[in-house]
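Novice: The site 'Important for substrate specificity' feature in Swiss-Prot is assigned to ARG15, THR80, GLN163. Taken from Swiss-Prot, the feature active site, proton acceptor covers ASP79.
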Amino acid sequence: MALKYKLILASGSPRRVDLLNQAGIEPSRLMPMDIDETPKKSEHPRSLARRLSAEKAEAALAAIKGDITWKGSYILSADTVVAVGRRILGKAEFADEALSSLHLLSGRNHLVYTGICLVTPDRKIRQKIVETKVRFKRLSGFEIENYLASGQWRGKAGAYGIQGLAGTFVQKMVGSYTNVVGLPLYETILLLTGEGFDVHSRWPEG
């Protein structure tokens, strides 16, 4: 029988948990890492996603150091960045920030980058960056006003979650949908299985 290694998800995102559950994976532990997500001067959005996903994984690894309960476990982290050109749209915490982001996204293409980072049981670090191109329709003031009132923009990169009401704003998308949600499922499973994590024996039997 294949060994069922433990998987630590260095995130508290319900969306990422749901996506892993969709693939039949139940993380053994959730470890949201509180790191400084401020972009460095002139940092490219792709580079930011790569750096932050690595920093989250490394912080989780440091947090379990010396704890034999988690010896030999996998650590998975992810960070999603939304950008118009090189302009990074952070996680909106206030309505005026969300309003600014929505005006910028309205009628334009933008890119969503998710960096995924996997720490293997022998402590190798593997990374992958996934990019999706998204185009919003031109938003009316009425749509923006009602979306802001919904509160669904809070804490979201680019002030929106595609799996919620803002999904109605998407005119066109090229690339992974799950990447925009927050965890590119195909690439994540590829990364896990490529490093010996047994995904498929965890699938339920009918």
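Every residue, even glycine, has its Cβ placed from backbone N, Cα and C.
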Novice: Highest Cβ count within 10 Å among the recorded sites THR80, GLN163: which residue is it?
Specialist: THR80
Novice: Would you count the other C-beta atoms found within 10 angstroms of the C-beta of ARG15 (site 'Important for substrate specificity') for me?
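Specialist: 18, counting other Cβ atoms within 10 Å of ARG15 (site 'Important for substrate specificity').
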Novice: Which one is closest to ARG15 (site 'Important for substrate specificity') in space, judged by CA to CA distance, out of the recorded positions ASP79, THR80, GLN163?
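Specialist: Nearest in space to ARG15 (site 'Important for substrate specificity'), counting only the recorded positions, is GLN163.
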Novice: Using C-alpha atoms only, work out the spacing between THR80 (site 'Important for substrate specificity') and GLN163 (site 'Important for substrate specificity') and round it to an integer in Å.
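Specialist: Cα-Cα distance, THR80 (site 'Important for substrate specificity') to GLN163 (site 'Important for substrate specificity'): 15 Å.
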Novice: Under 8 Å Cβ to Cβ from the residue listed as 'active site, proton acceptor', same chain, six or more residues apart: give me those in sequence order, or none if nothing qualifies.
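Specialist: Result: GLU37, LEU48, ALA49, LEU52, SER53, LYS56, THR114, GLY115.
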Novice: Need the DSSP three-state call for GLN163 (site 'Important for substrate specificity') to compare against my parser.
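Specialist: In the DSSP reduction, GLN163 (site 'Important for substrate specificity') maps to coil.
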Novice: Let me know the DSSP-derived helix, strand or coil state of THR80 (site 'Important for substrate specificity'), please.
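Specialist: Where THR80 (site 'Important for substrate specificity') sits, the three-state DSSP reduction gives strand.
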